[in-house]
Every structure is written in C-alpha cells, then in structure tokens.
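J.: Just dropping this structure here.
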Amino acid sequence: MVHLADDEKAAVSALWHKVHVEEFGGEALGRLLVVYPWTSRFFESFGDLSSADAVFSNAKVKAHGKKVLTSFGEGLKHLDDLKGTYAHLSELHCDKLHVDPENFKLLGNVLVIVLARHFGKEFTPQLQAAYQKVTTGVSTALAHKYH
C-alpha cells in the first residue's frame, strides 16, 4: 500500500498519462543494464548486452522495458493493493527467475531518473517524492514473496 495524498495521486496520474511507455521503458531497463551491469545475467536470452550501444539498440530490451512500464502503470491504478496486484509477478521473480529483490529498487530509482530527464522542470521535487513513494511501494510488493 502506498500512502499518497489526493493531490499527489492526481499529479502522479497526470504525469503518467504523458509517459511514452515503450520509449521510457526501454530507456529505464537499458539504463539499469548499463549502470548495474550485473543485472544483465537475468537477461541472457536477450543477446548482446556488452555495451551501452548494444543495450540501447536491443529490441528485446525495448520490448521488455515496455512490458515493465505497462505493469507499473497497472500498479498505479491499484495503489491500495500493490501486493495483490503484483502477487503473480513476485512469485515468478522469486521462485522461477530468482531475481535479487534489490534490483526492483534499482529499477525504481532508474525510472525516476528517466522521468526527470524527460519532464525536466515539470518533474518537481514534490512529484519526485510522490514517485519515489510509488516505486518503493512497487518494489516492496514485488519483493513480498521473498519474505
């Protein structure tokens, strides 16, 4: 559960409607893979991830980034039940994929950077704080099965 004031919810939702999920998702996942290269071990089937150019031109990175942000957008509709919303993904990432749950936090932080990059002054410190609450809530929900 994420506790946002009504004005924070409205601001988060308004900004999210401007997000280009495919573009931003590919960028966020790409940045995760470049900045934290050990995360690429979870994406061995994606092919060449040996350089930033390879990562950012990789169609599978872009497609999976879109999938991730589409799921994040669904979570924004269910802020009061993130654990329920992400129960299946938590189980998948824990039991089958064995993803270190710390990576969810890293991706959330990278997403905030991507939003700041694209929205500039519109991405105020107050909006950043609201998105940090949301990404923390999502990463906690995704890590729920690990506990």
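Don't overthink the numbers, they just go from 1 along the chain as shown.
Using the three backbone atoms N, Cα and C, a Cβ is placed for every residue, glycine included.
OK, Swiss-Prot features for this one:
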MOD_RES   Val2  N-acetylvaline
DOMAIN    3-147  domain 'Globin'
MOD_RES   Ser45  phosphoserine
MOD_RES   Lys60  N6-acetyllysine
BINDING   His64, His93  heme b binding site
MOD_RES   Lys83  N6-acetyllysine
MOD_RES   Cys94  S-nitrosocysteine
MOD_RES   Lys145  N6-acetyllysine
J.: What is the nearest of the recorded positions Lys60, His64, Lys83, Cys94 to the residue listed as 'N-acetylvaline', using the Cα of each?
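T.: Answer for the nearest of the recorded positions: Lys83.
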J.: Any idea what the model's mean pLDDT is for the domain 'Globin' (3-147)?
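T.: The average pLDDT of the model in the domain 'Globin' (3-147) works out to 90.
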J.: Using other CB atoms within 10 angstroms as the count, which residue among the modified residues Val2, Cys94 scores least?
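T.: With the modified residues Val2, Cys94, fewest surrounding Cβ atoms within 10 Å: Cys94.
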J.: Given the modified residues Ser45, Lys83, Cys94, state which is nearest to His64 (heme b binding site) when distance is taken between Cα atoms.
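T.: In terms of Cα distance, His64 (heme b binding site) lies closest to Ser45.
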J.: Check the Cα-Cα distances from Cys94 (S-nitrosocysteine) to the modified residues Ser45, Lys60, Lys83 and tell me which is shortest.
T.: Lys83
J.: Near the Cβ of Lys83 (N6-acetyllysine), how many other Cβ atoms are there if near means within 10 Å?
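T.: Step by step: centre on the Cβ of Lys83 (N6-acetyllysine), count other Cβ atoms within 10 Å, giving 16.
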